[in-house]
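Inspection log for the structure reproduced underneath, given as structure tokens.
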Amino acid sequence: MFSPWKPSKTDDTKDASDNASVEEKPPRRWNLGILSDRLTDEVPGSVILLSSAHKRNEPLGLQHTHARTSTSSLPSPYGRPHTSSSQGSRLSSRSRRPEKKRTKDGKFILEPQPEDSANDPLNWSKVRRDVALVSLGFYCMIGGGMTPLLAAGFNNVAATYHVSVPQVALTTGLYMLGLGFGSVVASPTAILWGKRPVYLVAIVLFMISSIWCALSPNYASLVVARIVQGFAVSPVECLPSATVAEIFFLHERAYRLGIYTLLLLGGKNIIPLVSAAIVQSLGWRWVFWIVAIVVGFCFFLIFFFVPETFWDRTPTARVRNSTHGHGKHHFRMPSVHKHEKDSTLPPESGDHARAGIMTSAADPARPRAPRTVSHVGFAPDTNHRSESQHLKESSAVSPHPDTTTSTQDYFHQDQDMGESEQHSNTHHDVEKQATTSPNVHDETSAVPESDDLHYTDYYRSAPPKSYVQSLRPWNGRLAKDKWVHVMVRPFILYAYPAVLWSSMVYALAVGWLIVLSESVAAIYRNSDSYNFSALQAGLVYISPFVGGILGTAVAGKLSDIVVRFMARKNDGVYEPEYRLVMAIPIAISTTIGLMGFGWSAQEKDNWIVPTVFFGIISFGCSLASTTAVTFVVDSYRVYAGEALVTLNFTKNILHGFIFSLFFTRWLESSGPKDVFLAVGGIQMGCMLFSIPMYIFGKRARMWTHRKNLMEKF
């Protein structure tokens, strides 16, 4: 059991404050059935959740975390690691921190901490951020519904091209093949050049491929068009989570991610219902024509209401040795130059200084140090102000404003954020600082001396962007990593047990819904069973839609209750493995739903019986997908962007494409009872792996951090 943190017995000196830590009791072997690491009780991923026990809410094990030298699509909430003097030590990462900004009511500490810049996406008005979420969510709902788009119209397409229904069902699997490979391309491209250009290009390709599907003269053309369409839709699965994380605080994020997940998965149930009505009244080709029209509307939503949300929040760690790390983000802005050493910046008020985790200044002409394995450490509060001021004097930059900026409310800082415990930081203060700084208007005619500057560094000091400026589709290269290296990283994560487990569960959760969409026509439109029309078969999707809504709501609420209860039993410390308790209701609901669906369909029970089981399956799959994502993100926050690509790639290739090769024929030859009893058995067998994952998960997390596989590539 973790003992409450106690202040270390150190002097108020620089050397003493650098070692503000204390020895703790040896870790217990077990904590609520979870095996502890043999050397330390502070493992990356573990978080002090309940402040009543520790007076603080922050991650543990940062001193064991290797430096991330690569770039991710998700912002890192923690500092850039540095080299520790004693690797593998059991010293705690506790140290004094500067006072942090809170919400206006003081209830929540803002995480991540917003900067004193109106261009920081976290300082946008709440209306602007929510409009971006709704615009992106609507686009994701349309994209999410493309997988089972033709589920109710398989027979119609087969009649048009004179092919079998299993051949038409194969187009769904090939579409998911395009989804899988598209996410591998879209994610690294967004990391290096930003999400906005990827969204816009993908939407244009989405429209073109939809028109291609509508005009396809033969079956082969439809197959290729669906693959291209999957490639174009792939960003809706791998990028919006990162966008939400960049524009919302931690205490706001769960609800917004729930909205995104609901719209994405809801589209898989609502779109087939609408397409069924179109197939019956206008024909299946009109489904793609209408999709192209709606996607064109999505293009305008994304273009006008979803600006680039990238903002580098990785603070530079205080270096305890002679090696100075260099970030790998670069942004070309010809109208920017560095200050001379004697230039000054306006002072920042109290605890609103942006540092808190700052590095000592280094000679800008110094050659790049070789990459080293290093660990996280934090500068104490006693040195915070002097170091941050020294850094600003030695490496500050100021922009060359190119246009007059707008100060309308659309760009004002949100009134509910930006307050520290001792000072108030309103949107007026941010706007005033950004527009009246002497370093802004005094340098408007300066000749640039450097054309290689980080995107965030430029806009941090720049005046607020005008609305027209925010519409810019291209903002240059945001990171200097090699594209191939970024593309390979999601595959390395298969060596991480938590990611492997989450990939399996996520693939099963979403995959079974796709399998069911391929069986709807075979079961409900069969003249020997229910003999439904295309519209009637589409209405069946009301059941999984309701089940998905309930599953999403229960997953968040029930999981939070379980996590708080177990953290309270563990002295206020949260372990990501607590999420795995949800494997119990997941296994029960999905197994019962799958077996009941097949059995009732085989026995030709009343149509409502298999339809209800369809809803139960959707309920369990929503629980599973939410649990898989939260578990992997909580376990490896620093690699969350790559992990989401890994999860979606596994689902699309392994479960979507491979199952599509044989499932429909298997269903025709063996019947729904045998098929879904076998599928239910597979689901239960896979969920049993949750038991060893729960027991050994914490040790596995520490093992992966010691191996540091991701940073070796």
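Note that Cβ sites are derived from N, Cα and C of the backbone, with glycine treated the same way.
Features of the protein shown, as given by TrEMBL:
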- 8-27: compositional bias 'Basic and acidic residues' (COMPBIAS)
- 337-354: compositional bias 'Basic and acidic residues' (COMPBIAS)
- 382-393: compositional bias 'Basic and acidic residues' (COMPBIAS)
- 395-410: compositional bias 'Polar residues' (COMPBIAS)
- 411-432: compositional bias 'Basic and acidic residues' (COMPBIAS)
- 132-698: domain 'Major facilitator superfamily (MFS) profile' (DOMAIN)
- 131-154: transmembrane segment (TRANSMEM)
- 174-193: transmembrane segment (TRANSMEM)
- 198-219: transmembrane segment (TRANSMEM)
- 231-250: transmembrane segment (TRANSMEM)
- 257-280: transmembrane segment (TRANSMEM)
- 286-306: transmembrane segment (TRANSMEM)
- 491-515: transmembrane segment (TRANSMEM)
- 535-559: transmembrane segment (TRANSMEM)
- 580-601: transmembrane segment (TRANSMEM)
- 607-633: transmembrane segment (TRANSMEM)
- 645-663: transmembrane segment (TRANSMEM)
- 675-697: transmembrane segment (TRANSMEM)
- Which residues of the same chain, at least 6 past either end of the transmembrane segment (580-601), have a Cβ under 8 Å from a Cβ in it? 505, 508-509, 512, 516, 523, 529, 555, 558-559, 562, 566, 609-610, 613-621, 623-624, 627, 631, 672-677, 679-680, 683-684, 687-688, 690, 693-694, 697
- Query: Looking only at the domain 'Major facilitator superfamily (MFS) profile' (132-698), what is the mean pLDDT?
  - Reply: 77
- Message: Assess whether the transmembrane segment (257-280) lies in contact with the transmembrane segment (607-633), where contact requires at least three Cβ pairs under 8 Å among residues 6 or more apart in sequence.
- Response: yes
- Given the transmembrane segment (174-193), which of the listed stretches 131-154, 286-306, 491-515, 607-633, 645-663 has the most Cβ pairs that are under 8 Å apart from it? 645-663
- Residue list, the transmembrane segment (131-154) vs rest of chain: Cβ under 8 Å, 6 or more residues beyond ends. 165, 168-169, 171-172, 175-176, 179, 199, 203, 206, 229-230, 233, 235-237, 240, 243-244, 247-248, 256, 259-260, 263-272, 275-276, 279, 284, 287, 291, 294-295, 298, 301-302, 305-307, 309, 513-514, 517-518, 520-521, 525, 534-535, 537-538, 656
- Message: Ranking 231-250, 607-633, 675-697 by the number of C-beta pairs under 8 Å to the transmembrane segment (198-219), which range is first?
- Response: 231-250
- Message: Which range wins on Cβ pairs under 8 Å with the transmembrane segment (645-663): 231-250, 286-306, 491-515, 607-633?
- Response: 491-515
- Item | Positions on the same chain near the transmembrane segment (231-250), where near means CB under 8 A and six or more residues out | 73-75, 77, 108, 110-112, 121-122, 124, 129, 132-133, 136-137, 139-140, 143-144, 146, 178-183, 185-187, 190, 195, 198-199, 202-203, 205-206, 208-209, 256-257, 260, 264, 306, 309-311, 417, 629, 640-641, 644-645, 648
